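> Before anything else, here's the structure in question.
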Amino acid sequence: MHYPTALLFLILANGAQAFRICAFNAQRLTLAKVAREQVMDTLVRILARCDIMVLQEVVDSSGSAIPLLLRELNRFDGSGPYSTLSSPQLGRSTYMETYVYFYRSHKTQVLSSYVYNDEDDVFAREPFVAQFSLPSNVLPSLVLVPLHTTPKAVEKELNALYDVFLEVSQHWQSKDVILLGDFNADCASLTKKRLDKLELRTEPGFHWVIADGEDTTVRASTHCTYDRVVLHGERCRSLLHTAAAFDFPTSFQLTEEEALNISDHYPVEVELKLSQAHSVQPLSLTVLLLLSLLSPQLCPAA
């Protein structure tokens, strides 16, 4: 391949983009917690990795923690403004939690959302379902279903999550769904034998992309795959590039004690490679300029 042709190929290939979706149990996130400088700094750095992040275990009753966190995130990250979408407070007693989506609003928008109607009261914190747009012609939208199970009813809640999937896929006429969150799906909360009997494991089409055995906990004394991401849909799966827990203590050089001030969980992440979507994107001015400079070499005179 001639040099100009190779350069042109690289220019066009670089028009592709990755899209990262994350879930993080932020462990009793309150205003007092985010007001601590190291906690705020670390949370902002974690959030800035993601195009969509769903935070779990937000227990702030003041209503001020998320706006403060959003303000600092937008000050930190220069790749475009973030917005948030919060569920109502969810729970059965005085202890209530909120699911909060942070998303880069120049890359994705909320198309619709609702709290799952848990008529049988199976879930301690019913899923807060949201449909997001994606910058892709192959997969223009995607449904996210977050769930933070209670350890005492993991198996029951995860079996009910299959019913949520059925309702959601019918509601939006889409099979492209990601189930994600702190499922507590390991160790004492759910044995491997019981895990493998879940409908989300036995029914075809569900891909558990955080591998069994991958540690999603901060403490050195634990090794549990509590946090999960489950993909469904051929289009969604075809775009999958990577999936992993993010070991933020190692990446940010934190001691275990410092990391536990943030959370006892790692975030879990999936990266969709939208380059495989073959979406048509407008060429930047830089690319157009380079093409004009290369044109005499690409099309030599006869």
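For all residues, glycine too, the Cβ spot is worked out from N, Cα and C.
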> Using the record from Swiss-Prot, pick out the residue from CYS187, CYS299 that is joined to CYS224 by a disulfide.
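Swiss-Prot lists the disulfide between CYS224 and CYS187.
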> Taking the Cβ of CYS224 (disulfide bond) as the reference point, list residues of the same chain whose Cβ is under 8 angstroms away and which are at least six residues distant in sequence.
ASP186, CYS187, ASP215, THR216, THR217
> Any idea what the Cα distance is from HIS148 (active site) over to GLU97 (active site), rounded to a whole Å?
9
> Out of GLU97, HIS148, CYS187, which of the recorded positions has the smallest number of neighbouring Cβ atoms within 10 Å?
CYS187
